[in-house]
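Colleague: Dumping the structure here so I can ask a few things about it.
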Amino acid sequence: MKIVVGITGASGSIYAYTLIRALHQLNIETYVIATEMAKKVMKFECGITMNEIKAYAEVLDNSNLFASVASGSFKTDGMVILPCSMNSLGAIANGVGDTLLSRTASVMLKEKRRLIVVPRETPLHLIHLENMTRLARAGADIMPASPGFYHHPTEIWELVNFVIARILDALNIDHQLMARWGEKAVEK
């Protein structure tokens, strides 16, 4: 299995880092594309650099439109963009493919592959909502970073894992990140 992870400059880079590590632990071939702002936000929020991400995935240059993932002939099983800024979401929704991240997302849509977009923004205005609707109509899954609370979380990692577990479920990837409804809670 091959998954592309796109990281934009929206707050919430802990989600991307957690997903990348989970995919690595599950032995899934992972490609990471980060915007320049994503790199800054990840360093600011988590103290993590792209060099650290290289331990878990192949990191691609967002300006390299010659990268393998920019072509529909390069088979992948999907792409997750998280956190997804409204800027990147708007570009993708309107067919702009001038970066590797937006081009790869466009490839997912045209090839009918899984594209999961995880917006991390609030409040949303009409243009944000219309862009999300455009993406959904084009075949993308919109999965806001909205953790559940029925598992009685007491620590931030439980909230993060909830969102990552839902993303892995959408990709049909088995995992043990959290207990499912009706199951005993995961040991802390």
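Even glycines carry a Cβ here, placed using N, Cα and C.
Just so you know, TrEMBL annotations are computer predictions that nobody has curated.
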Colleague: Pick from THR30, THR35, THR154: which one does TrEMBL list with GLY9, ALA10, SER11, SER85, MET86, ASN87, SER88, ARG120 for the same FMN site?
Modeller: THR35
Colleague: If you count other C-beta atoms within 10 angstroms, which of the binding-site residues GLY9, SER85 is the most crowded?
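Modeller: Its Cβ has the most other Cβ atoms within 10 Å: SER85.
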Colleague: Beyond GLY9, ALA10, SER11, THR35, SER85, MET86, ASN87, SER88, ARG120, what residues of that chain have CB atoms within 8 A of the centre of the FMN site's CB atoms?
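Modeller: Going along the sequence, the neighbours appear as THR8, MET37, ALA38, PRO83, CYS84, LEU89, GLU121.
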Colleague: Around the Cβ of ARG166 (dimethylallyl phosphate binding site), how many other Cβ atoms lie within 10 Å? Please give the count over every shown protein chain.
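Modeller: For ARG166 (dimethylallyl phosphate binding site), the 10 Å Cβ neighbour count is 19.
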Colleague: Kindly assign ASN87 (FMN binding site) to one of the three DSSP-derived states: helix, strand or coil.
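Modeller: Reduced to three states, the DSSP call for ASN87 (FMN binding site) is helix.
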Colleague: Taking GLY9, ALA10, SER11, THR35, SER85, MET86, ASN87, SER88, ARG120 as the record's FMN-binding set, what's the max Cα pairwise distance in Å, rounded to a whole number?
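Modeller: About 15 Å separates the two most distant Cα atoms.
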